[in-house]
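Undergrad: Annotation source Swiss-Prot lists disulfide bond at Cys121-Cys198, citing sequence analysis. Under the heading N-linked glycosylation site, Swiss-Prot lists Asn4, Asn13. Residues or ranges marked as topological domain 'Extracellular' in Swiss-Prot (evidence: sequence analysis): 1-52, 104-122, 187-213, 298-313. Positions annotated as topological domain 'Cytoplasmic' by Swiss-Prot: 74-82, 144-165, 235-276, 335-372.
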Amino acid sequence: MPANLTEGSFHANQTVPMLDSSPVACTEIVTFTEALEAEEWGSFYSSFKTEQLITLWVLFVFTIVGNSVVLFSTWRRKRKSRMTFFVTQLAITDSFTGLINILTDIIWRFTGDFMAPDLVCRIVRYLQVVLLYASTYVLVSLSIDRYHAIVYPMKFLQGAEKQAKVLIGIAWSLSFLFSIPTLIIFGKRTLSNGEVQCWALWPDDSYWTPYMTIVAFLVYFIPLTIISVIYGLVIRTIWIKSKAHETVISNCSDGELCCSYNRGLISKAKIKAIKYSIVIILAFICCWSPYFLFDMLDNFNLLPDTKERFYASVIIQNLPALNSAINPLIYCIFSGSLCSPCKVQRSQDSRMTYRERSERHEMQILSKPEFI
């Protein structure tokens, strides 16, 4: 049985629970009666379970290996920075997602029933939801950090390291706080079809829809709105500063004035950090948007109970797990030192002045996302 975080109670018509790797999931796919009466549905469901296991194993390996490489890469850096800190936090969150969400889902599919005590059920569900919130709120913290770095660069330099730790501390604190209801809602339970599962213990099925709506807004819609507004302001600031730079350069005849103004421009390192952050956010949106939209439609019974819905749901439910496997790849693309050999150009260094070598060395360091 999968490690669904939002599996609801069985309805009157009895439903076959869905197989998914995500910590939150739609509560049903096809009715239990349909699964018994239609042989093709039953065989399809069983065969796809094997394919799902293969998919989950692949995602698990890529998630653990990829994020381990990222953590090792950030750990071996002698020079740390705010961006190193946030990349590390994101990799830690993704690693725990692989261990607690994906791996437990794989184990559940092998065992069928939930074998552990009720306390273990509640703790596992709680940790799964904590990671669900944390994966989103860490991205919000990263967005706020990038906003201050671009919009208020002078203020940002004062206590930047402390501010980054405070943002991450708030993100994890809110994640643990908002997940507390899970300890009450979920528990070990015998379902109507005889299975013993770690399931939602609702007094009535009508509680499920408002609960899932609240979770969807706290985990996805509200954070996505905040992130979108923040990066909108960041892009606007970059555009305004670039236009001001063009105006000054076109009207400037004094070299010293131009040089002093250039120092106030946004560095290439910060621009690259923004690009890295935006790609991470876009990956999050691509992986989670189909899931939450499908889940909301399903909880309000707006989707038809058809085989096409079954096909779509099985694919969509694996997308959140895919996000944790993609993030290390994005880091690899933006960090040349991780994925390509370092080329030291000694001959060029010998022809450069001390100032040119210093500036190039600084840009080589700052151009990597972990040092921005």
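Cβ atoms here come from the backbone N, Cα and C positions, even for glycine.
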Undergrad: Go through Cys121, Cys198, the listed disulfide-bonded residues, and name the one with the sparsest Cβ surroundings, counting other Cβ atoms within 10 Å.
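TA: Comparing Cβ neighbour counts within 10 Å for the disulfide-bonded residues Cys121, Cys198 gives Cys121.
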Undergrad: Helix, strand or coil by DSSP: which one applies to Cys121 (disulfide bond)?
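TA: Looking at the DSSP assignment, Cys121 (disulfide bond) belongs to a helix.
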Undergrad: Restricting to the topological domain 'Extracellular' (298-313), what is the model's mean pLDDT?
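TA: PLDDT averaged over the stretch: 83.
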Undergrad: Translate the DSSP assignment of Cys198 (disulfide bond) into the three-state scheme.
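TA: DSSP call for Cys198 (disulfide bond): strand.
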Undergrad: When secondary structure is assigned with DSSP, how many helix, strand and coil residues does the topological domain 'Extracellular' (298-313) contain?
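TA: Each residue of the topological domain 'Extracellular' (298-313) counted once, the result is 9 helix, 0 strand, 7 coil.
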